[in-house]
Amino acid sequence: MVLKDPYNRTVTNLRISLTSRCNLRCIYCHAEGEVNPKEQMSAEDIAELMRVGVQFGIKNIKFTGGEPLLRRDLLDIIRSVPPGVESSMTTNGTLLAAKAAALKEAGLARVNVSLDTLRPERYKAITGKDCLADVLAGIDAAIEVGLTPVKLNMVLLEGINEDELDDFMAFVRGKRDLILQVIELMEFNECKFHGDVDSVEQELDERATRIVTRRMHHRKKYCLDGAEVEVVRPLHNTEFCAFCNRLRVTSDGKLKPCLLRSDNLVDIRGKHGKELEDAFREAVSRREPFFA
Ligand SMILES: Nc1nc2c(ncn2[C@@H]2O[C@H](COP(=O)(O)OP(=O)(O)OP(=O)(O)O)[C@@H](O)[C@H]2O)c(=O)[nH]1
Ligand code: SF4
Ligand code: SF4
């Protein structure tokens with residue numbers, strides 16, 4: 001049975017934050033909208049939630065964080081993804097190289113890697129750590145073992161990396177396993193680095209040889225000179241919200257109907273069986289497009 005919210009949006013995508021911890025300190029981090037959680041869902045609770053989700057029509061599961069690779073039981077969690085469901089993970093990539101093969105073997109389909117710059121000194125300025133080489137090794141390893149397509153998540157930051165768009169396109173050009181995602185910064189805490197995604201879209205509109213509209217969020221995917229570029233522009237974008245099919249789960253066990261709201265969460269801590277199913281239905285019924 002596939003659940004629909006009151007705005008006729010089906011929910012097929014479950015995004016589970018596995019931890020709020022991270023080994024980086026990005027200047028713009030929104031921590032998936034979580035505010036200092038103290039608890040963490042157990043692997044067993046996550047497995048049960050995924051089974052309930054599948055009962056209600058979930059087809060894709062995304063593991064996020066913080067940094068999901070910091071969870072010691074990550075492989076167990078991936079192994080418990082129900083059959084027939086595609087699982088993927090968004091990671092900062094710093095710890096990926098050594099773990100890519102095991103992730104693939106456990107059943108993970110693909111990864112998205114956060115990478116805002118290809119220049120070591122900028123990487124350190126943005127994330128607080130001088131470890132760009134580790135991330136690049138992680139991307140190579142992910143491609144090598146087939147965690148593909150690997151999407152590079154580049155958050156557009158004014159005055160910091162807007163001049164690197166062509167470098168990023170050159171980086172993904174001709175590599176069928178690599179997709180560039182240019183992401184609009186979401187300002188949770190007054191952040192002054194909001195890059196101009198509209199101009200990027202305009203430029204891509206002019207240069208692209210093919211433009212595809214994805215079902216999810218109606219995101220645009222541009223093909224140009226052998227490079228594939230997707231633009232993620234959520235702010236004040238009513239179409240993005242109208243085609244949102246995602247339900248989030250915070251690392252401490254709350255269903256979160258919208259990334260940008262924290263006032264309508266459904267607590268699932270200690271809930272099992274019928275109670276958990278009811279909570280799932282309740283969370284879907286609380287979903288509203290943020291920008292309407
Ligand atoms: N407002 C909003 N932003 C989102 C949503 N989903 C993803 N984003 C933004 O998109 C960025 C990239 O998301 P990822 O976790 O890498 O995954 P994705 O690109 O959305 O999903 P896939 O294409 O399935 O890999 C996130 O950091 C958010 O900034 C959403 O539902 N609402
Ligand atoms: S890698 Fe992601 S979770 Fe970690 S600090 Fe950066 S933005 Fe936040
Ligand atoms: S802002 Fe909320 S409703 Fe809009 S796309 Fe993001 S999660 Fe969905």
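Glycine too: its Cβ is placed from the backbone N, Cα and C atoms.
Curation does not apply to TrEMBL; its annotations are automatic.
Database features, via TrEMBL:
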{"type": "BINDING", "residues": "Arg15, Lys62, Thr90, Lys151, Arg246, Leu247, Arg248", "note": "GTP binding site"}
{"type": "BINDING", "residues": "Cys22, Cys26, Cys29", "note": "[4Fe-4S] cluster 1 binding site"}
{"type": "BINDING", "residues": "Tyr28, Gly66, Ser114", "note": "S-adenosyl-L-methionine binding site"}
{"type": "BINDING", "residues": "Cys241, Cys244, Cys258", "note": "[4Fe-4S] cluster 2 binding site"}
{"type": "DOMAIN", "residues": "6-221", "note": "domain 'Radical SAM core'"}
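A map of TrEMBL features onto the structure.
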{"residue": "Arg15", "record": "GTP binding site", "DSSP (3 states)": "strand"}
{"residue": "Cys22", "record": "[4Fe-4S] cluster 1 binding site", "DSSP (3 states)": "coil"}
{"residue": "Cys29", "record": "[4Fe-4S] cluster 1 binding site", "DSSP (3 states)": "coil"}
{"residue": "Lys62", "record": "GTP binding site", "DSSP (3 states)": "strand"}
{"residue": "Thr90", "record": "GTP binding site", "DSSP (3 states)": "strand"}
{"residue": "Cys244", "record": "[4Fe-4S] cluster 2 binding site", "DSSP (3 states)": "coil"}
{"residue": "Cys258", "record": "[4Fe-4S] cluster 2 binding site", "DSSP (3 states)": "coil"}
Candidate binding-site residues Cys22, Gly66, Ser114, Cys244, Cys258, pick with smallest Cα gap to Lys151 (GTP binding site): Ser114
Cβ neighbours of Leu247 (GTP binding site) where a neighbour is any other Cβ within 10 Å: 26
Non-site residues, in chain order, whose CB comes within 8 A of the mean position of the CB atoms of Cys241, Cys244, Cys258 at [4Fe-4S] cluster 2: Arg9, Phe240, Arg246, Leu259, Leu260, Arg287, Glu288, Pro289, Phe290, Phe291
Pairwise C-alpha maximum, in angstrom, for the residues (Arg15, Lys62, Thr90, Lys151, Arg246, Leu247, Arg248) that bind GTP according to the record: 21
Residue among the binding-site residues Cys29, Cys244 whose Cβ has the most other Cβ atoms within 10 Å: Cys244
Cβ neighbour count (within 10 Å, all chains shown) around Cys22 ([4Fe-4S] cluster 1 binding site): 18
Neighbour tally for Lys62 (GTP binding site), based on other Cβ positions within 10 Å of its Cβ: 19
Other CB atoms, at most 10 A from the CB of Cys241 ([4Fe-4S] cluster 2 binding site): 21
Of the binding-site residues listed as Arg15, Cys22, Lys62, Ser114, the one whose CA lies nearest the CA of Cys241 ([4Fe-4S] cluster 2 binding site): Arg15
